[in-house]
Each structure stands twice: as structure tokens, then as C-alpha cells.
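Sharing a structure with you now.
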Amino acid sequence: MRASWVESRRGQANVSQMHFARQGVVTEEMAYVAKRENLPESLVMEEVARGRMIIPANINHTGLEPMAIGIASKCKVNANIGASPNASDAAEEVNKLKLAVKYGADTVMDLSTGGVNLDEVRTAIIDASPVPIGTVPVYQALESVHGSIEKLDEDDFLHIIEKHCQQGVDYQTIHAGLLIEHLPKVKGRLTGIVSRGGGILAQWMLYHHRQNPLFTRFDDICEIFKRYDCTFSLGDSLRPGCQHDASDAAQLAELKTLGELTRRAWAHDVQVMVEGPGHVPLDQIEFNVKKQMEECSEAPFYVLGPLVTDIAPGYDHITSAIGAAMAGWHGTAMLCYVTPKEHLGLPNAEDVREGLIAYKIAAHAADIARHRPGARDRDDELSRARYNFDWNKQFELSLDPERAKEYHDETLPADIYKQAEFCSMCGPKHCPMQTKITDEDLEGLEKVLETKSGAADLAGVKMEKES
């Protein structure tokens, strides 16, 4: 849908949404986002210019339906997919993409690390995707030298970064905030470095005894990004991997650097969001969100979870959705989903579904808590359908209509029960929603309630009704 929009921009030195917004131009993408978010176009333009909102929209991803990530927009959800050397293939990843979009993913990250032709998989995903696609280029940089850190040089990183831009990647996780001076701070951790990209760069610095090349070449990366309107997702290489390590010196030192890099990217009119933890106790989530806003000048915050306990492998879509809802309430702009397979293995299609639904619940709960206009409309509509025993309407309004209908039909599968005024929980005689209090029922109660002895009189009225 965007081919005609971007044609006139091709060849310009800077085609980023931030660049146009700062010139007072409302792009077609901004206008589209304004309609989706029910926001004034002028507000979208101002928020993009300020850096509080991003519209990840590479000019080479022409099939994209533009969306916004930021404090002024609805809380968004990202789904991770990707092939590994030990599991999955290209066809399965495209199927995961389609499933993720079906269940409401606002963006999708291709985290493929090997085992397939990475360029082929990525291109297939971008061509099939109406939502923004993100990547982590250091994975392919390492794969391009067959996993040999000692053979990886600075130009390899930049070559892969530009290749991803050329292919239409909308945002890239760039682990530029991890500095060589941060590495000693990791020693006291329980789980060290848990970011794959961060681990690669830590190994590179330890082997070469040189500063992080993504930091030293950051301005070069900005020059690449602004030619394609690729957005930075500044990676948190030192995110905590357990409750013990949350909010420690290593994490906060990197966060400070991420804030500095945010402002450097903005100086190039390049869009930025900042990634965050991770594993964080409930009582530290508000601090983490507010600290990021302070250090990073309110650039959109994008968190993985966070998980609020470490003892539930197999259920980490739940442990993390609890933290995600709270993070969203406090102002996080996008939540990266976690599946039941987290810490255990590569997720399959059903895991993608489970993780996404858990996170759509968390994001929606955050929007309600933040009193976003219209956020509760669907809840109220479903509640009316529930009160009126309109089963099909309830299924239709559910985040996962198939699952809702499946669970209802396990015990009452016949079509006649779609008109029944009960479910199998209460049965036909005990459902409290069958009690419909009407004006006729209330006749005479007003006067009783006005008297001093109203409570006693009312008890009598109730007894008479019951008899």
C-alpha cells in the first residue's frame, strides 16, 4: 500500500518519519497512524518530532500498514519468531508470522540465528508481513564468519546492518550501549549476560581488547538508517536475567549510555526506541520505567516481560505478562511477548499463540488502567453480551474467539445451547445473571428505604418476596 507514498522520497539523504515531522510535514504514514489511533494528525507529527512516538516504516517495506509506538498511542505487543540451527525452517517461520498477525501482534521480530538461508527467510517474512519487522543484525554478522568471533570485524557489522535495511527491515536491535568498561560490573551477577547480542559483543571486546564497534561506529549506523527510515531499537545487552540481578549497577550503567545514544540518533533525525528488562520484581517495575524515561528523554520503552519470578519454567508467559501489565500501566510503549517455551526451547506455533494472547491481555489491561479513550469499549460490549446470554457475540468479541468457543462447547456443544441462559458452570437453575432486576421489581422499595426502620422493613419485604 505504500509504494506510491515512498516513491518520491527515494534517493533523499534522510527519509525518516522524524525528519519529515521536524519539518512540519504530515506524511501519509502519520495520517494513517492518526486514524488507527484516533488521534489528531498534528499530535502524531509533534510526538514523532519530539521522539516520544515512532512509526517504524522502512521505505522498502511497501506492504506495511503503518503503526505507532509511543506513550500517546495504545500499548503495543511484539512477537518473536525465528529459525535456529537446531529447529524450524523458513516455511514454519512464515506460518508463525501469519499466526502472530492473526492473534494481534503489532510488530514481529525475526530472530533467526542459523540453520537456514537467513536472507531468504527474512525476505519471505517481510514480503508476507503487514506489520513492522525487526531484526538483530549481530546474529547474522556472526553467522557470516561461521561463528568465529576472531574473524569478525567492524565492517562486517555495518555490512549486515545495511543489508537488513535494503531488505526492508523496519527496526533493528543495535547493542551499542554495552561498553568495555561495563564488563567488570557483570562479575557479581547471578546469571551474567543473558542477551545473545550482548554476549556476542562482550566476547568480541574481550578477544580484541577494543571498544564495542556498534558504539564507535554509531554515527555511521545513523547515516545508514536515515537513508531507509530504519528505526533504532537500542538493545539492553545487560538486562537482568533473574530477580537477583534486577536494577543492578551493570544494567543502569548501560541505560545511561542508551540515553546518550538516543540523543545522538535524534541529532541525525533517526527514530529510536529503547529496550528494557527482563526479570524484575513487581516492586521495582515502576522504578525501571521511570528511570528509562528520565535517562532516555522519554523515547518509547520496549520491554521483554518483565518476569516477576524465576520459578515457573513452562509458564513464563504468565510470570511475564504480570510484569508486562504493570510496565504498560506505568508508561511502557511496547511489550515483547514471552512464550511458555521461554528458557526451555524454540517456540512452536501453539506457543506463539499462547504468548501473544497473554500479552494482548497485558497490553489491553494497561490501556484500561491508563484511561485511554475507548480502551474499555470492547470490555463493556462483551459484558453486555454476557449478561444477555449472547454466546456468539461473546465469542466474536473475545481476544481468542476459537478458544472461547472451544471451551464452551466442551460440555455444551449442541447449537441449542448458544441460546441457553446458562453455561455448564452454574447450570440452568443457579446462574445469578438470570436475575434481572426491573423497575417493576423496585416498586415500593424507595419509600421503605427512606424510613429509619428501612432495613428491618426491607428484610420483611424480601421475606415476603421469597415466600
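Each Cβ is built from the backbone N, Cα and C atoms, and glycine gets one as well.
Keep in mind that this is a model prediction, so the values were computed, not measured.
As annotated in Swiss-Prot:
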BINDING   Asn80, Met109, Tyr139, His175, Ser195, Arg196, Gly197, Asp236, Ser237, Leu238, Arg239, Glu275, Tyr302  substrate binding site
BINDING   His279, His343  Zn(2+) binding site
BINDING   Cys423, Cys426, Cys431  [4Fe-4S] cluster binding site
Whole-number Å distance between the CA of Cys426 ([4Fe-4S] cluster binding site) and the CA of His279 (Zn(2+) binding site)?
40
If you run the three-state DSSP split on His279 (Zn(2+) binding site), which class comes out?
strand
Rounded to an integer, what is the Cα-Cα distance in Å between Cys423 ([4Fe-4S] cluster binding site) and His343 (Zn(2+) binding site)?
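Cys423 ([4Fe-4S] cluster binding site) to His343 (Zn(2+) binding site), Cα-Cα distance: 38 Å.
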Which of the binding-site residues His279, His343, Cys431 has its Cα closest in space to the Cα of Asn80 (substrate binding site)?
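Of all the candidates listed, His343 is nearest in space.
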Cα-Cα, whole number of Å: His343 (Zn(2+) binding site) versus Ser195 (substrate binding site)?
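About 12 Å separates the two Cα atoms.
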Just counting, how many other CB atoms are there within 10 A of the CB of Cys426 ([4Fe-4S] cluster binding site)?
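Around the Cβ of Cys426 ([4Fe-4S] cluster binding site), 12 other Cβ atoms lie within 10 Å.
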Given the binding-site residues Ser195, Gly197, Ser237, Arg239, which lie within 10 A of His279 (Zn(2+) binding site) by CA-CA distance?
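Within 10 Å of His279 (Zn(2+) binding site): Arg239.
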Between the Cα atoms of Arg239 (substrate binding site) and Cys431 ([4Fe-4S] cluster binding site), find the distance and write it as a whole number of Å.
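Cα to Cα, Arg239 (substrate binding site) and Cys431 ([4Fe-4S] cluster binding site) are separated by 48 Å.
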In three-state terms from DSSP, label Tyr139 (substrate binding site) for me.
helix
Provide the three-state secondary structure of Ser237 (substrate binding site) computed with DSSP.
coil
State the Cα to Cα distance, in Å, between Ser237 (substrate binding site) and Cys431 ([4Fe-4S] cluster binding site), rounded to an integer.
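Just about 52 Å between their Cα atoms.
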What number of additional C-beta atoms lies within 10 angstroms of the C-beta atom of Gly197 (substrate binding site)?
24
The record lists Asn80, Met109, Tyr139, His175, Ser195, Arg196, Gly197, Asp236, Ser237, Leu238, Arg239, Glu275, Tyr302 as binding substrate. What's the largest Cα to Cα distance among them, in Å, rounded to a whole number?
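With Asn80, Met109, Tyr139, His175, Ser195, Arg196, Gly197, Asp236, Ser237, Leu238, Arg239, Glu275, Tyr302 as the binding residues for substrate, the largest Cα distance is 20 Å.
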For the recorded [4Fe-4S] cluster site, enumerate neighbouring residues of the same chain (Cβ within 8 Å of the Cβ centroid of Cys423, Cys426, Cys431, site residues themselves excluded), in sequence order.
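Other same-chain residues with Cβ inside the cutoff are Phe422, Ser424, Met425, Gly427, Pro428, His430, Met433.
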DSSP three-state call for His343 (Zn(2+) binding site): helix, strand or coil?
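Going by the DSSP assignment, His343 (Zn(2+) binding site) belongs to neither helix nor strand, so it counts as coil.
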